[in-house]
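Undergrad: Can you read through this structure? Questions will come right after.
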Amino acid sequence: MGDMDPHIFAVAEEAYKQMARDERNQSIIVSGESGAGKTVSAKYAMRYFATVSGSANEANVEEKVLASNPIMESIGNAKTTRNDNSSRFGKYIEIGFDKRYRIIGANMRTYLLEKSRVVFQAEEERNYHIFYQLCASAKLPEFKMLRLGNANYFHYTKQGGSPVIEGIDDAKEMAHTRQACTLLGISESYQMGIFRILAGILHLGNVGFTSRDSDSCTIPPKHEPLTIFCDLMGVDYEEMCHWLCHRKLATTTETYIKPISKLQATNARDALAKHIYAKLFNWIVDHVNQALHSAVKQHSFIGVLDIYGFETFEINSFEQFCINYANEKLQQQFNMHVFKLEQEEYMKEQIPWTLIDFYDNQPCINLIESKLGILDLLDEECKMPKGTDDTWAQKLYNTHLNKCALFEKPRLSNKAFIIQHFADKVEYQCEGFLEKNKDTVFEEQIKVLKSSKFKMLPELFQDDEKSISPTSATSSGRTLLTRTPAKPTKGRPGQATKEHKKTVGHQFRNSLHLLMETLNATTPHYVRCIKPNDFKFPFTFDEKRAVQQLRACGVLETIRISAAGFPSRWTYQEFFSRYRVLMKQKDVLGDRKQTCKNVLEKLILDKDKYQFGKTKIFFRAGQVAYLEKLRADKLRAACIRIQKTIRGWLLRKKYLRMRKAAITVQRYVRGYQARCYATFLRRTKAATIIQKYWRMYVVRRRYKIRRAATIVLQSYLRGYLARNRYRKILREHKVVIIQKWVRGWLAQKHYKRSIRAIIYLQCCFRRMMAKRELKKLKIEARSVERYKKLHIGMENKIMQLQRKVDEQNKDYKCLMEKLTHLEGIYNTETEKLRSDLERLQLSEEEAKAATKRVLSLQEEIAKLRKDLEQTRSEKKSIEENADRYKQETDKLVSSLTEENTLLKQEKETLNHLIVEQAKEMTETMEKKLIEETKQLELDLNDERLRYQNLLNEFSRLEERYDDLKEEMTLMVNVPKPGHKRTDSTHSSNESEYIFSSEFAETEDIPSRTEEPSEKKVPLDMSLFLKLQKRVTELEQEKQVMQDELDRKEEQMLRSKAKEEERPQIRGAELEYESLKRQELESENKKLKNELNELRKALSEKGAPEVTAPGAPAYRVLMEQLTSVSEELDVRKEEVLILRSQLVSQKEAIQPKNTMTDSTILLEDVQKMKDKGEIAQAYIGLKETNRASAMNCHELNEDGELWLAYEGLKQANRLLESQLQSQKRSHENEAEVLRGEIQSLKEENNRQQQLLAQNLQLPPEARIEASLQHEITRLTNENLDLMEQLEKQDKTVRKLKKQLKVFAKKIGELEVGQMENISPGQIIDEPIRPVNIPRKEKDFQGMLEYKKEDEQKLVKNLILELKPRGVAVNLIPGLPAYILFMCVRHADYLNDDQKVRSLLTSTINSIKKVLKKRGDDFETVSFWLSNTCRFLHCLKQYSGEEGFMKHNTSRQNEHCLTNFDLAEYRQVLSDLAIQIYQQLVRVLESILQPMIVSGMLEHETIQGMSGVKATGLRKRTSSIADEGAYTLDSILQQLNSFHSVMCQHGMDPELIKQVVKQMFYIVGAVTLNNLLLRKDMCSWSKGMQIRYNVSQLEEWLRDKNLMNSGAKETLEPLIQAAQLLQVKKKTDEDAEAICSMCNSLTTAQIVKVLFLYTPVNEFEERVSVSFIRTIQVRLRDRKDSPQLLMDAKHTFPVTFPFNPSSLALETIQIPASLGLGFISRV
């Protein structure tokens, strides 16, 4: 729009664009003569802003801003001889905008209202529009109370003689004014109040005065206009009538009331009317500003200045003087901005230029506002007691005449002066200048109005004290209206008089200075309104008058500068962007400035037509048009080519459409034929169905008749059969009753016989048990314990007697204490009596002295009686005065109650208004609250991201600090030559050139940077001693390990010697084996007997259901059987231990060699404690027993010796095999230790060599070499440990299978033995009671460990734990559960130190693991999952109600009781954030090489890419194997990541966040490479990208992760792919692209369009004009100017609370973790 002809919208658009682009406030200054169209221009500018920007909320602020125009025009505009709608005041409207440049509110400042127009209008002029609108609407029912009539009836509206404006309907304008008031929030009651005050002003103008004499006047009684005025204003008629004809004069001592003449009364009436109107105008402006005020913070504003134009009439007074003074200031501001700045820009750009003179109106402004200027002299004359207009005129002549060229005196007048303004000469009449400058009104009249019952009227005069003069005078002219502050200022007491002394001219000058400051602080835009003629004729143009106005406002000088200078200018970047189409590829250089110079030299041959500045190119007039023509020709040729292609495409499309139509016609014809055939088939089928149903009806009818007959026959037959069956059942029932009683009698008889037999058996059994008990009691009676039990009672009696003696002693002591206490009380009482006696004696003496004093007091009483009589008389007078005062107060109270009722009414109305306002405020507050919550959520995410970035930075600095510390210790701890490194079995945290045990020592050493090797640092003695100490410790550890190796070798030699001496100890072994066999056989017999007894007891019970497998008795017996079998195993172990002890005692008597052999046997027996070995020996004995049953008679009768011999042979074989295995294991261990010693020696030598090499290197290279060596060493150790772990897992699984096989064989053998026992053996053994199994211990979900085992716990559970084995074999989060159960036990013990130590060690160990293996995704994922689970456990069992609502009752019992670990929860949360960020870095490092190849370069859809675009060189990758990655590689990696996280039991919400981050990395890296590679920006590549993205979305759908927000992170990439595929030619395409690509920035969209490269002849490049159209449409979008996405951006992570349903007491600790030192509680 700015390129079109001058238009008010173009100026407004430029101001709006500059505000948005430059972030600076703007102003539009509308100037011109009266009637030139300033008000309409300002109105259209405001309408443009309201339409373009819109409001920031739903309050329709733009409508309110526009609605202020009708109100201000009705109360501030009037008809003049030059303009039918002339603004008689100036206004400056600030339209406020928010950060998105939408209207949020406005504020209006007004200047110099012409109050004199209220009471006087010249010929062919009118009063303000509002008065005529009221008169035109007088017939409305709501206006009847105003008693209005025709405008010719009122004095204030008929003076001009032109009450009607042609083409204007005042009644309609009144409706528009009322509608605007309603829109701005002015209620109906306030509107009627405004109209009531305006009507009162009209009626006040009709008040007439009659003269009584030359110095006094009166108002006729019951004067109708005054009565109406008083009724409308709610004031007293008599008071207003009195003060309209009188005035009050105040002197220093007295106050006088003086009548005034008729002329003075008329002037006072007019002054009151003007003052009321001015106050009402001010009130309306304040309410409009309140309605337009916004609570949202204003970001910028655009001010529109609509101020009165330059005026010159036949009679020019104070108003015209102020108006022209304001126009002089505005013209000066225009000159400063246009002429000076234009020429300064030429100088700044170093363009050759000759300065052009222009008219400077500063002398005229100095004449008006400088010291001793016109305004200064006017203010001075107003301060004089007898100052007049004539004396002021003489002062002007004396001061400025013949001294200032711009000031002149008329020839025929001594009361006028002429000023040469910038527009014309103006003659001003001095008459009325002083009165208008003072602007005073009678105080008494204002007081009458303030006492009005009409509540709105006193509101107008709240701040009236500052404007009313204590002396009375008439008033005319204009008053200054400025912006009312939101809160009234509280000044000092003397401030009111100081303010009140300011004249109208002084206030106007100050407000103009403020306006100039505002305009200078903004960027101005000028609208010069030119009046075509002075007669308001349409379609009439006065050339001379127009040229005069153009010359007066400086437009001609502006045109002269433009013609002589360079009116058109472009920056180098703008010129390059605009005319890029005129350049060739070879003309485009890296330097834009040089490129533009080269192009212009080719396009424009005349070098005088343009100039190159520092930052811009300046063109003469017409050159830009020539360039535009060249550009248009170039674009036209491109359009013709586009048309050619499009027309071919359209014809092709038409042919396809015709072909499709022919196929459609064929389809419909064939369909019609098919439908006809289908109709024939349906009719045939229908006929067949009708025949079927008719035949069915006939047959069914016949069937129903036969069926009815059959049912009758059946009913009779069935009744007969039922009666016979009933008689048979009755007979059988009676027979059953007889059988029941007979069988019952027989069963009862059998039961009684069984009871007697059972009682007999019980008696026998109890007798046998009693005999056994008797024997035990007899044995106990003979023992010492028996006597002890007997004497227990005696000891108790002795203790009771001793207790009684102690109690008596205590009673005796209490009695003695009471006695001593009573003696003390007696002594104190005697002392009190003595003191009372002495006091009585003293009081007797005092009584004698008191009698003397009584006489003197009686004399004083007589005097007091006289005084009392006097006070009574005074009291009577005071009571009389009080009665009078009471009556007066009653009257005052009655008057106050009346006022109170009025105040209550006002209060109710105010409350109603407050309620309405409160509703509006609540609505606005709710909207604000919603906006604030959204903003707070954004701020929360930003704050969370900032906090997590700080955590990331902190962890990075912490790692850097640890690295620096290690470097310092490496620099300091340089070992001596010949020092050998210690054993490498230490963990990496203890042996990485620094040891953790020495950290505390090294931290105390002051850190110092190493100088180069040439400068030798003095040696620190403390450090030297510590190093020596560490060397000795390492040597001691080496010696200990050497001793351990020697000891194991000695044990191996000793075991060989034992093997050789084995044949010498056969006798002791035979005896031991025989004892063991006998004990086992006796135990076996007892158990078999118990089992047979139980079976017999069950078989004796007759009921078969008792012994059924599911019966309760059967279950109880089976439980007892299992308990017996468990007890059998325990007893076997106890018997073996006891027998071995007996053997050792027997061997102790024999010689020493036998003794040593027996101890060796005892050790072997103790090694056989394993149940599997014992069972194997037992099975071997049984098999030998069965095998040798045939040859028992050859040894002895029972065959015991032979059995013993065979059993011993089996045991010996077993022991020999064990000895051989131990021997082999010892040899293997020795070999391993020797190999380790050799490797340690080699490692030590290699380390010393490396240290010697490192000492020769500089410090940086030394650190790098040491780190590289340590990394390789750690990787080798890690691989060795992983191999060992796999071997251990295999052996554990193998041993578990063997254990299951052995348990199964033992069970089968025991069952077989039970079945082979004969019934006779059961009877021989006595009956033993059945053992009841113990109840399993109830665990509390806690783990106990010793304080010294804490490091071992952390080492096994964190430092040396491998995630892969834990994730596969154990429950997810097991380390976290174990750690929390340990914390629970420490909390249960109330051990603060233990809790703190465990949590600190855990956190530090996790950090060490992540520092060591931070590159492994499985490790980082595993510890992120366990850290989160540990954090959730601390929350779930913290005891807080918010976390306990998902727990079971059992879980709530497990809550922590003594400590609040909220601070540690925060530390764990920070640790989890750091682990998450490390996980993201690992993901990024793994995915980064795959993304570009898999997403962009690899052709997932074969043949889609086609031929490469010509002119593009083939890109090669820096990585050799990058081309191997495909989309499947990325998906496989994502599957791997997801499966690992699921195996580790990571929270689903956390998995979603990780997936979202992964997808963001993929999308950001892909989009960045797309924006940097021209060969990727084509239609086929866009199709390829969309297919790849769909595969990623399918992966999300398969994993149920569509709601994770990952898909939204790919939105910029999707839109970029769509942008490559959509049409890019027409404006509709541009609109579609702008609406589609809302996730891409403007720079990214433009970059893709610029890089778009066609790959075949059917495609074309995107035209520059289309790209410029896109830029224009996206100009208002507020987005980042950054081209590339931040691929390193990390979303803030949250850890939603996820309680665990797993019960802590059910968790089992696997043996593979090596935590045998902790126990369940």
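Backbone N, Cα and C define each Cβ position, glycine as well.
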Undergrad: Identify the region 'Actin-binding' range according to TrEMBL, selecting from 6-28, 512-534, 558-580, 1685-1707.
TA: 512-534
Undergrad: For Lys38 (ATP binding site), which residues of its chain lie six or more apart in sequence with Cβ-Cβ distance below 8 Å?
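TA: Result: Val30, Ser31, Gly32, Ser87, Asp306, Ile307, Gly309, Val527, Cys529.
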Undergrad: As a test of the contact definition, list every same-chain residue at least 6 positions from Gly37 (ATP binding site) whose Cβ is closer than 8 Å to its Cβ.
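TA: Long-range Cβ contacts: Cys529, Lys531.
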Undergrad: If you count the other Cβ atoms within 10 Å of each Cβ, which of the binding-site residues Gly32, Gly35 comes out on top?
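TA: When each Cβ's neighbours within 10 Å are tallied, Gly35 tops the list.
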Undergrad: Same-chain residues six or more away whose CB lies under 8 A from the CB of Ser34 (ATP binding site)?
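TA: Once residues fewer than 6 apart are set aside, Ser34 (ATP binding site) is near Thr80, Arg82, Asn83, Ser86, Tyr308, Gly309, Phe310, Glu311.
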Undergrad: Other residues near the ATP site, CB within 8 A of the CB centroid of Gly32, Glu33, Ser34, Gly35, Ala36, Gly37, Lys38, Thr39?
TA: Asn83, Ser86, Gly309, Cys529, Lys531
Undergrad: Measure from the Cβ of Ala36 (ATP binding site) and count the other Cβ atoms within 10 Å, all protein chains considered.
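TA: Other Cβ atoms found within 10 Å: 21.
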Undergrad: Under 8 Å between C-beta atoms and at least six apart in sequence, can you list the same-chain neighbours of Thr39 (ATP binding site), or say none if there are none?
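TA: Thr39 (ATP binding site) has long-range Cβ partners Glu73, Asn77, Asn85, Ser87, Asp306.
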Undergrad: Using DSSP, what is the helix/strand/coil residue split across the region 'Actin-binding' (512-534)?
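TA: Each residue of the region 'Actin-binding' (512-534) counted once, the result is 9 helix, 7 strand, 7 coil.
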Undergrad: Among all the protein chains here, how many other CB atoms are within 10 A of the CB of Glu33 (ATP binding site)?
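TA: A count of 26.
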